[in-house]
């Protein structure tokens, strides 16, 4: 087994290194371990290595990082990995580094002493992934989280092999999440007052190992797009109105458009401004004393001229009064005549 690690220039410290190798080797086989990592001087661009979380103060010059391994006296060491040596006829070699959504997954079915194989079959969770064939390599171009599981392979050795089908031990393949499904939040509230401003924030984060990648964001309302994809994870509504009420969601996608995820819907309800009621109306100031009536000028007449219509009505009323008086006079005369006949003496004479 060979170990190669080449440094191109002298440096005071080394950036986080990655030791690449297959996780399982066949006994008596040859394998090269490659140490990959940028090398820079103290003024270089790899300052992140020195800024990792520090360990206990008692460790002196040693600091630890869950991602980069550890540092000692200014040097950064790769994170260790487990290497297995197998004496089986077949082994399935998986990737040495973490596999994320969107990556290409490559599996190798290797035989003892690299003897040629035929009728090779790859399996996932015990189910064949295809018919037998001569290829000892299986790949998934754009892996998803659902592609994780236990894989193994089987094949038949050509001469001088045993001639029977052999199977490799299962290997667990875990696909890491590149970024979580975004969550849409409304700031300061999902129930803003009419006329206020609202900021929609599409919140998610890339995995630390892929933090150099970028995500593009877009926003939607009631099935229609509100913005084109861009690097900004926020959408601002400067002046909210009742028309802005509805169901919103956002989408985060990688720059190569291979991985996209949507957020759950968020209901935005814009509260209309309430007009003040009579009880809420502020009291009016007390009115001062009324001004005195204006003094009449000498030119203004004291009485206005009578109304012609009123004069006509008065004439009719006087005429009716006179008619009533005449009628009353006739009634008085009639009553006098009747009183003569009603006297007692007059009645007796009339009876004789």
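Using N, Cα and C of the backbone, Cβ positions are placed for all residues, glycine too.
Feature annotations, courtesy of Swiss-Prot:
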- 50-61: compositional bias 'Acidic residues' (COMPBIAS)
- 109-153: disulfide bond (DISULFID)
- 202-250: disulfide bond (DISULFID)
- 80-169: domain 'Ig-like C2-type 1' (DOMAIN)
- 182-260: domain 'Ig-like C2-type 2' (DOMAIN)
- 46-65: region 'Disordered' (REGION)
- 275-310: region 'Disordered' (REGION)
- 1-30: signal peptide (SIGNAL)
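Ranking the disulfide-bonded residues 109, 250 by other CB atoms within 10 A of the CB puts 109 at the bottom. Of the listed disulfide-bonded residues 153, 202, the Cβ environment within 10 Å is emptiest of other Cβ atoms at 202. The DSSP breakdown of the domain 'Ig-like C2-type 2' (182-260), given as helix, strand and coil counts, is 6 helix, 37 strand, 36 coil.
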